[in-house]
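S.K.: So TrEMBL says this about it:
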- ASP132: active site, proton acceptor (ACT_SITE)
- ILE16, GLY17, GLU18, GLY19, THR20, TYR21, ALA22, ILE23, VAL24, LYS39, LYS40: ATP binding site (BINDING)
- 343-352: compositional bias 'Basic and acidic residues' (COMPBIAS)
- 10-290: domain 'Protein kinase' (DOMAIN)
- 302-359: region 'Disordered' (REGION)
Amino acid sequence: KANNLTAKKWTKDTKIGEGTYAIVYKGREAATGRQIAIKKIKVGQMKEGLDQSAIREVRYLRELKHPNVIELLDVFSSKTNLNLVLEFLETDLEAVIKDRTNVFLPADIKSWMAMTLRGLEYCHRNWVLHRDLKPNNLLIAADGELKIADFGLARDSTDPAQKMTCQVITRWYRPPELLYGARYYSTGVDMWSVGCIFAELMLRTPYLPGESDMDQLKTIFRALGTPTEEDWPGHTALPDYTSFGHFPKSPLKLLFSAASAEALDLLAKFLIYDPRKRISAYDGLHHQYFFAAPYPTHPSRLPKASTPLAPRPLPPDELDGKDAAPGVKAGGNKIGTKRKASGNHEERERSVPRKTLFT
């Protein structure tokens, strides 16, 4: 009965996205007419492991409350479907990047980067790895605020000894340690993805577009040089290590010729081969890049996609069904210990350098 009452609070309208296991609709709150999105997950039809993905997404979105993380408003079931009611966000960063009527100023890129790092720093502070950061999972609200979305592949990072799947993160944004089969990793995997997004904002095209997992590694090495044992101790012992010969290292400045010295330094710190040495989201927010002029554009003045998102296929899920925490059976319904998300408003403000606040 309570579930039926919850379902009646929300009205489903047009379909705005569809994948193998989920459909996203635009909708309204019945009482107020407020626009919302309903993500209908086909729980009963999922392959092994993907039921767990749906449970994780609900769990993390219930716990994480931050201006730069999408807000989960409600959850209800219908037949074999799990319905997530989310705040409606009219476009995503991928659509903005692809809109060639837009001109990006350095201050615009800095603004999107600041919002991405704020949201991610909050997730990492609360021991959550996103594991699928890419431009079309960074949604844009009508007021220009960027919000991290799609936590279906997210995981706890509380136990460094926990073995996890390497089949996460969309290939072009996947770090080399996962491409080499690493099963033990932490927040560094998300930071590599942020570096790829930063590069894409500057180039207006994906930075490392590999055609297969092996080609992805070659693409990375061509761009950044082949890592040595000194650069990345222990990488030759990773499960899927393969040698691709020697590619020389070339300065980022050659490709990113218009970037400031501070931007190039931050980009290089995101794209360090050794994940233990990669810059953290917290340190990224405190990098000199955010203190140097120009200061970030106010979100309301950022470029937008000229047309709303049309219905589009959702990307296929990348989950092998073997990535389960202790006591959690993939495809089961045990979700482990609930953590309280830390960080009140004052803590969030303290975690961001003063000059990353928008002007």
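Quick reminder: no glycine exception, Cβ is built from N, Cα and C everywhere.
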S.K.: Take the C-alpha atoms of VAL24 (ATP binding site) and ASP132 (active site, proton acceptor) and report the distance between them in angstrom, rounded.
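M.R.: Here the two Cα atoms lie 18 Å apart.
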S.K.: Given the binding-site residues ILE16, ALA22, VAL24, and counting only Cβ atoms in the protein chains shown, which has the most within 10 Å of its Cβ?
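M.R.: That would be ALA22, with the highest Cβ count within 10 Å.
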S.K.: Pick out which of the recorded positions GLU18, ASP132 has the most other Cβ atoms within 10 Å of its own Cβ.
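M.R.: When each Cβ's neighbours within 10 Å are tallied, ASP132 leads.
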S.K.: Just to verify a number: CA distance, ASP132 (active site, proton acceptor) to LYS40 (ATP binding site), in angstrom, no decimals.
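M.R.: Here the two Cα atoms are 19 Å apart.
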S.K.: Does LYS40 (ATP binding site) have same-chain partners at least 6 apart in sequence with Cβ under 8 Å from its own Cβ, and which are they?
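M.R.: The list for LYS40 (ATP binding site) reads ALA22, ILE23, VAL24, TYR25, SER78, ASN81, LEU82, ASN83, given in order along the sequence.
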S.K.: Could you tell me the mean pLDDT the prediction assigns to the domain 'Protein kinase' (10-290)?
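M.R.: Across the domain 'Protein kinase' (10-290), the average pLDDT comes out at 94.
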S.K.: By the DSSP assignment reduced to helix, strand and coil, which category contains ASP132 (active site, proton acceptor)?
M.R.: coil
